[in-house]
Amino acid sequence: MSQLTHINAAGEAHMVDVSAKAETVREARAEAFVTMRSETLAMIIDGSHHKGDVFATARIAGIQAAKRTWELIPLCHPLLLSKVEVQLQAEPEHNRVRIESLCRLTGKTGVEMEALTAASVAALTIYDMCKAVQKDMVIGPVRLLAKSGGKSGDFKVDAHD
């Protein structure tokens with residue numbers, strides 16, 4: 001089992017020193033879901049929400065969140081992201097919105113937290129914009145789908161998960 005990288009020998013939290021690591025292309029994808037009543041989802045799909053375009057706002061929020069992950073999550077490195085993408089898809093058959101984020105850079109540390117933050121904040125933005133209509137929406141699950149690049153190797157969620 002791997003050791004926790006953000007805990008030093010004395011058991012104290014610390015920021016990992018990545019200065020000796022090689023720069024590689026790193027990429028991560030994450031997903032989140034927001035489940036709601038069919039009427040709420042229909043309002044988002046047909047664009048009749050009084051606050052405007054819910055998907056456009058959530059997309060921008062997710063992109064902005066990825067860029068600011070280092071300010072939100074202690075011990076994360078500030079990263080020079082080369083790409084952030086947030087896709088939102090209505091899934092009427094499940095009364096939910098699926099959010100998928102992609103983050104990429106060439107650097108010394110991974111972008112998993114940025115991808116997870118992008119998907120999470122996009123989901124929170126959907127909730128915020130729709131809470132006047134429905135307060136019992138459910139956010140989740142939120143998970144890492146894949147990562148590539150770096151010393152720890154590649155990871156991909158099993159297609160059956």
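A Cβ is built for glycine as well, from the same backbone N, Cα and C atoms used for every other residue.
The active site feature in Swiss-Prot is assigned to Asp128; the stated evidence is sequence analysis. Long-range Cβ contacts of Asp128 (active site) within its own chain (separation 6+, distance under 8 Å) are none. Secondary structure from DSSP puts Asp128 (active site) in a helix.
Secondary structure at His77 (substrate binding site), taken from DSSP and collapsed to helix, strand or coil, is coil. Residues or ranges marked as substrate binding site in Swiss-Prot (evidence: sequence analysis): Leu75, Cys76, His77, Met113, Glu114.
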Entry from the binding-site residues list Leu75, Cys76, Met113 having the most other CB atoms no farther than 10 A: Met113
8 Å Cβ shell about Leu75, Cys76, His77, Met113, Glu114 centroid, substrate site members excluded: Thr69, Trp70, Ile73, Leu79, Thr109
CB contacts for Glu114 (substrate binding site) [other CB atoms within 10 A, all chains]: 28
Neighbour tally for His77 (substrate binding site), based on other Cβ positions within 10 Å of its Cβ: 15
